[in-house]
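Here is the structure we will look at, set down as C-alpha cells.
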C-alpha cells in the first residue's frame, strides 16, 4: 500500500543523517560552538586572547569595554556621586556631633560600674621576680616611679587643692567651667610611696602594687561610704597570702576624689590609688591573688568581665 | 505507519522481533513452548518470569540519592563557604595550640559556616526531591490487568507477570500488555499513536503482510491501544525488550542541555565568587603588608568571603522558582524540572503538535452541503445547538441518513453529561456524526429504535461505502428506506438523482459540476468529506417480509438519490488562535509539526493563525501569479508548508534556510524522528526551543529541546518522562500562560538578586575599613549570616510575587547571550551605588553609637590593637573615662547590632525600590503586592527579636539596642528611595541615553 512504499523509500536514504544526529548528540564539541562557548568550554588561549581584547581593544579603542569618553563620563559620574555621598555623611556626622556635650558623654551605662587596674603594668598580670636579681624587678620599680611622677607631693600641691575628706567634692556651676582637683599626694602611700624605699619593697620581696579604679564621669562610688579594697588568694591555699598592708587609710578610696568631671574641665584630676603591700607572700610559687572593691553599687562577681570591680594577678617572688 | 522512525527500524532489525511475524501458529507454539489453546503452565510461566524479569519498563536509571545530595553540598557558593569553614578550623587549631585566650570563636564560626552549607544543601535537595516526587506520583498508573490463558484456563493477571509464550486475549479499549503476535483477530484495530504519534487506527489481523515486523499487521505493540474488535495472540517480547522499551532506552541516551536559567545562575555564581575571591586575596595581601599577623589576615579573609557570598540567595531562587511552578501547575502546566520554569519564558520557538494540542483531538462536523449550498457548523468545544438553517426538507432527509447510517453508539449511563463529553463506541467520523445528530435532533438512539434496522453492510475499504436498510417511523409508509454514506465520488457514481429543496431532480452535468466544486472546496479546507444518499424502496417490490441478504445484495445499490455532503475536521481549540497571536506579539515563532496531510495541516494552521491570513506560501504565490513554483521568489513567501518527504531530502543548510527565511512554517507528514532534526535546526539558529509531543517516538525530540512539553492526557509515559513539563489539559494556550510566568520570574529573579547583592557591600565595607583604618570591628561574621539567612530571606522571596511592570508578552524573548540575569549594570548599580549608600548609612549609625558612649570618631581611628588587647582594662575614651576589655566588647556588639539594624532598615528601602526596574513605585503601586509587606514586617520583626529577644545570648553578639538607633539610617533609606526614583525617571524620560544605558539593569 501507499504508506508502506513511502516508508521503504525513506529507510535506506534516511538512515545516514540519523546516525549523524546521534553522534552530534553524544559529542557536545561539534556544532553549536557559540552556545557552548558561553558555557566555559573555551581553551586557555582563547580566554587569554579575549582577556587581552577586553583589556585593550585597539579597533574600537576601548579599555575594559569602554572608550576614553565613556570612562571619563562614568568616572565623572562616580566622582559627583561619591562627593555628594561624602557630603551627606559629613553632614550627618556633624549634626550628630552637635548633639553631643563635650563634657559628658550622652550615655555612661556601658562603662559603669567601674573596672579595676593595677600598677605596675608591663605586659600582663603576672608579677614575677627574683629578689637577688635586680634586673628582674627593676622594670616594675621603674614603671611605678614613672606612674607616680604625677603624684609627687610638689606637683600635687602646685596644681591641686586640699579637699575635705569624707565627702564628695561636688562642684556646681557651669558645666564648661574648669573644675578643681583634689590633691592625692604620693606620700599618702607611705611604705609604698617609693620615697623611703625607692624599690617599693621589691628588693625585699615585699612588693607594692597600686590599685586604680577606672574613671567614670559623674560616678559617686559607694553612695556615701568609701569603697574599700581587700585581697585574697583566688584559687589554692589561703595561707599563701599571709599579710597585706593597705595605704592610704585601710585601703579605701576617699569620697573627696569623686565625682570625676571629664578630661576637658577636670584637667589635673589624678585618680586616687590604693597601694597594697604584700609583706608576706609564699615564696617561689605562683600565687593567684584577687583584689576586689567593696561598696554599694560596686559589682565584682561577673564571670564574663574579670576586671569589673576586681582584678586577678599572679605574684611569684623568688629568692 | 508512514511515520515509523529510522531508529525504530534500526532497533527492530538489530534486536528484534526476529521473524515471529512470518512463522505459522504451530511454529510459534513450538518456538515458545506453549499451546494456543492451553497456554503455558503456571510453573513454566514462573520459570520464564524468573529468567526474563517482570513485564515492565525499567525506569530510567536515576542518579543515586547520595550523589544528588552531595552535589547540592558542593554546588554554587558552597565551596567558598567550605573554604571559609576550613580556614576557621585551621586558625582555631593554631590559636588553640598557641594557647590563646578565646580560640573557640573560630571553631564556632567554622561550625556555623558548615551548618549553613549543610542546611542550604538539605533545603535544595528537599526542594528537588519534592518536585521529582510530584512527577513520580503523576506517572504512577493503575496496574494494568491482562486476560491470559494459563493451565488451559482464562485468568486475569497483572500485566507485569506476563511472560514470553503467554496467550493473551485483547478487546476494544484494552492497552496491549506486551508485544504480541496475533493468531486470531476479529475486526481488530489498534491505535499506535503512543508509538508513532499518528492517531489513525490501524487494522490488525493474523496475516503476515509485510517483511518489516513494524509494518506487518499481525503484530501488536506494547503500550498501544486496541480501539475496537478482539484478538488473541502470543506474547513475543516483554518489558524492556519490547519495541517501546528499546525506544525508551534510546531517549535516555540523548543528553539534557543545561537550562538557560542554570547557565545564568552559574554565570552569577562565578561573578560573585570572582568578586569575593579577588577582594579577599587583595585584602589578604594588604593586611599582610600592613603587618597584620597571617592568622588575623586569614580571619579577615573568611569575613570577606562570608560578607561577599549571598548565602541565602540560591535557596531563595529555588523557592521563587517553585512558587512559580506551583502557580503554573494551577494553570495546567506541571513543571518537572524547576529550572524549566524560566526556560519557557526565554523560549523563542515553539514546535507544536497539531493533534490534541492545537486541535480538540476529535472529529467534528464542520461543513454541510445540500441544496447546492455550503453551510458551516459550529465546531466549538461545548456546542449545544447548531445555528445553520435547518428548514429545508433536504436537511430532514440528510439528517435521517446521518442518524441511521451510523453504527456508533453512546456508552450507556451518560445521560447527564454534555453531549460533547460523552464517550462513544465507534470510529472518529461516526462519532462526529453521532454527536452532530444528537445535538440537532436529540435522542438519536430512540430515532434509530423507531426506524428499525433490517440489514446492514459495514464500511470496508473495497466498497468505500456503508449501507443500511430501515423500516420508517411513519406508520402509513410501509416502504423500506435504504441509506448510504461513503467517499463522495463513490456515492455520486451510484446516484441518478439529487435532492434539491426536498425534491428529487435528475443529476445532470450541471449539478454534478456543482457537486465537484463543493467537494473540492471542502476538501481544500483539509476536511474529510462524506457523501450521503438514500432510496425509498418501492413497497410492491420489497414487501414487509422481504428477505434482505447483504452478501448477494438483493436490493438496489445504484440509481440512488444524492442528498448531500458533510465534511469533518479535528477543529482547533477555541483558545488557540488567541494564544498563537499572543505568541506572535511576544516574538515567539510557532512552528507546527504534524504527521497529518499538508492540506489539513495548512487549513488548521490558517484557522489558528500560525499562518496568518495575509501571508502566502510559495505554492500560493505560484497559483496566484499562475507561474511554476520554481519561478517564484522564495523570499516573498513568508509562510512555508514543508512536507516530510521534502524534508528528508534536504541538507541541513536548506533546512536552516527555511527556518531562517520563513516566519510561518508548517511541517506536515513528518515523522517524530524528523521532529528531532527540526528541533536541532531551530537550536542552530540560536533559538530556545520548546517542543510538544505525546508519542513515545517524540521522546528524543522532547529531550533534545530546551524545554520538552508532554501532553498530560494523550501523552505516553515515555514522553512524560522525557519532558521537562507536562501540559495537564493538552492545550496549547496553557503553554502561553507558562511563557508569561517564565518571563515574569526572570524579571523578578533579577530584582531578587539585585536586592540581595546590595547589602553585600554594606557587609563588606566594615571589614575593609576595619583593616585599613583600624577601627573597632563594625559588624561580626555571625551577624552577617543573620542578615543573609535571616532578615533578607522572606523579602527576597516576596519579590517573586511582584507583578510585571509592563506587558511582558509584548516584547521579544530574551537573547540568551545579551540579556543576562545578572549584567554589569545590575552589579555596578547594586554594589557601587545603593550598596555604598547603605554602607555610609550604617557607618553613621555605628559612629553615633560609639560617640554617644564616649568614643568620638577621631578617637576610634587606629585604636584596633589596643582596643582588642585583653590586658588593657583602663582604655581611655574621648572624655577621659576608662573601660575594661569586656565593656569595650559589649560596646562593640552594640555596634554590631546597630550596624545590623541599619542595614535591615535600609534593606526595607532597597526592597521597595527593587519592586520595579523602570516604572515609578507609585505607578506599580506600593500595596499591590501584599507579600512585600509580609517581607518588610518579617524583616523588622526578625531584627526586633534578634536585638531584644536574643540580646542576652552572648554567643550571638546581639545587644538590646536603644530605640533611637533604629532611626539613624532612615535618612539614608529615604535617600535610596528618592535616588532610585530619580534614576527611573531619567530612564523613562531619556530612553537610549547614556543614563539609560548605564543605569538600567
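Positions of Cβ are set from backbone N, Cα and C atoms, glycine also.
Features reported for this protein in TrEMBL:
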type	residues	note
DOMAIN	B:19-93	domain 'Cation-transporting P-type ATPase N-terminal'
TRANSMEM	B:73-94	transmembrane segment
TRANSMEM	B:106-126	transmembrane segment
TRANSMEM	B:268-286	transmembrane segment
TRANSMEM	B:298-323	transmembrane segment
TRANSMEM	B:826-849	transmembrane segment
TRANSMEM	B:893-912	transmembrane segment
TRANSMEM	B:932-951	transmembrane segment
TRANSMEM	B:963-979	transmembrane segment
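Within the same chain, the transmembrane segment (B:963-979) stays apart from the transmembrane segment (B:268-286): fewer than three Cβ pairs sit under 8 Å, each pair at least 6 residues apart. In terms of DSSP helix, strand and coil, the domain 'Cation-transporting P-type ATPase N-terminal' (B:19-93) has 45 helix, 1 strand, 29 coil. Here the listed stretches are B:73-94, B:106-126, B:298-323, B:893-912, and the one with the most C-beta pairs under 8 angstroms to the transmembrane segment (B:826-849) is B:893-912. Confidence annotation: the domain 'Cation-transporting P-type ATPase N-terminal' (B:19-93) carries a mean pLDDT of 83 in the model. Same-chain neighbours of the transmembrane segment (B:298-323): 75-77, 80-81, 83-84, 87-88, 90-91, 106, 109, 113, 116, 120, 123-124, 127, 130-131, 261, 265, 272-273, 275-277, 279-281, 283-284, 287, 292, 338-339, 341-342, 745, 748-749, 752-753, 756-757, 760, 763-764, 766-768, 770-771, 781, 784-785, 788-789, 792-793, 796-797, 799-801, counting only residues six or more beyond its ends whose CB sits under 8 Å from a CB of the stretch.
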